[in-house]
DNA sequence: ATTTTCTATATTTTT
DNA sequence: TATAGAAAAT
């Protein structure tokens, strides 16, 4: 037996060494998913069952792809360059670059990231004089991407109402604009390559016979188009076709809002007649109590393929629960606790603070900062998304492809060179009538606009000529100087960081060059530049981070997926926040929130803290929330309350009912003083259940209180009418 | 062309 | 609260 297979448990071993048949691996959190995937590839190659070139391995993130390649080269003495390992979008890009003519694209086509796409849509609406109140650009973007992910071109979309008919027209116009400009968005990468193979049978046959093993990571996060894309390579699962090996966890599907469709797992099982469904249920990450809590939570979901994690490790510590009066108290407690952990010898980087939404990081950051504890926040602007970098990239893109109107519009007057709104409008109108790109329309323009714009075109032409033979980093450097970007930021008061980022872009170009080696086609001018630009679009770069330092990790639960920490604080466990109130309106929204909670809990190795606060500042005002229902789903026996637990159910029948008829009766009229009805007070209602008082108003028989009943909504109740129980 | 003032809006976000 | 984007003022 190969030494690759030692130290695998029996299910892992079974999965890794499966015959070339379709397989679905249901891999629970911390069950060794990545290990199984990479070992499977290594084993197939080492046993001579497949050549490296016969492997197609797909991941969602560049990080995951890089990690897979790194692990593979550690396991096998092979050159990984012939292997197709990458993200869906990266591989689609690779395909389209190789067959750009057949795909009806310019050789140096550019890739729009989400922000570029939005800008392109806004520009389109403006050019067509469409009211962007009626057709909000973001909504249109979502619509277009949704259609593409369903595999539908504009002509194939069924529209039953005028509104949708118009949106379809705009989808059509958007496509025409992209085609004219030689740009493709993320969804287009997939759809275009899918259609290419569908239309081009010899090409399809070629890839179908080349790839013998297709392996997919995070399969629960695939969208419909991605699934069909994969199915095409596997020849729809026909006899003799490639074997599909899909690894995923339906319980960790948390990207439905981005088009992910867990249904792909069931469809895969059915359509490919998958005989091998293997469950990896042994968890190597967390202690027993943590796993028990995770299992207890996820058990409440109805739509599951079914799985129960277990561990050989002991039950470990209880799960600690803290209730704060306000978000500030919660944050203060978190920071104190961290201080203690660090004093006990724990590394700060082994501690994670998780929250549902980014806005919640502020209070935590504030407390950490005042205590002088180093921390690192994930999320926010990434390198290639920064304004100055985007501007620089726009110049580079114009060199590679002058028809890219998005880039043209972005920098035609940045730095300002006297090309104001009037000139730009004249150009847009002319381009529209010529049905040509902005760049190519400039020579047709006369008068003052014509003159100033010609100056800009000359700048780009000069840049293209002067950089044609320059190595990539020097090319970038030259553009930064000649475009005037560097000078602009030098003169800006707060421009220092931006200048540094521009320098960083030159380094990024150098790194890129070093990584990919010599260009494949040295004759094509700027081919390397186009590759670099694709890289910039497909990999937005690391979130800003002071790497190296031993810092506490702050991130949303979403970005924590796939990570693990010795100690995890899951904060803000409140109704309305987690589960988020918006999710309750969506079908199956609550189940997705619960999966999110499951992800949060399973990040912890040794110690898990769960916390919530009675009041929290949100959008500038205090909100009063109930504790999250997910807390109630964890058996009490696993918990250790660090604060006294407030009654979960109302004791007895202590009705509180002020009555105008008998003002002197038992419940005193001055409720504020006696611990009766205060803001933040927990109350019970026969129909709406448990709630928390958010506001009070009026007095005597007019006295009203506003109560947040969580799922049942926020209600105003007249005290003289409503029966309220007081805890 | 640039600055200021206002107004709407506020989950999550691998590519 | 804070931020982005638009409208208005300079």
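Heads up, the Cβ atoms here are built off N, Cα and C, so glycines get one too.
What TrEMBL lists as domain 'UvrD-like helicase ATP-binding' is A:6-287.
Sequence-distant neighbours of residue A:34 (ATP binding site) (same chain, six or more apart, CB under 8 Å from its CB) are A:64, A:67, A:68, A:71, A:217, listed in sequence order. Per TrEMBL, ATP binding site is recorded for A:27, A:28, A:29, A:30, A:31, A:32, A:33, A:34.
Over the domain 'UvrD-like helicase C-terminal' (A:288-562), the average per-residue pLDDT in this prediction is 90. The domain 'UvrD-like helicase C-terminal' annotation in TrEMBL covers A:288-562.
What TrEMBL lists as region 'Disordered' is A:652-676.
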Q | Spatial neighbours, same chain, of residue A:32 (ATP binding site) - Cβ under 8 Å, 6+ residues apart | A | A:8, A:9, A:12, A:280, A:284
Q.
By the count of other Cβ atoms within 10 Å, pick out the sparsest of the binding-site residues A:27, A:29.
A. A:29
Q. Excluding A:27, A:28, A:29, A:30, A:31, A:32, A:33, A:34 themselves, which residues in that chain have a Cβ inside 8 Å of the centre of the Cβ atoms defining the ATP site?
A. A:36, A:249, A:280, A:283, A:284
**Q.** Count of other CB atoms lying within 10 Å of the CB belonging to residue A:33 (ATP binding site)
**A.** 23
**Q.** Proximal but sequence-remote residues of the same chain as residue A:30 (ATP binding site) (Cβ under 8 Å, at least 6 apart)
**A.** A:283, A:284, A:285, A:286, A:309, A:564, A:602
Q) In DSSP terms, helix, strand or coil for residue A:27 (ATP binding site)? A) strand
Q | Residues that sit under 8 angstroms from residue A:31 (ATP binding site) by C-beta distance, when 6+ apart in the chain | A | A:280, A:281, A:282, A:283, A:284, A:309
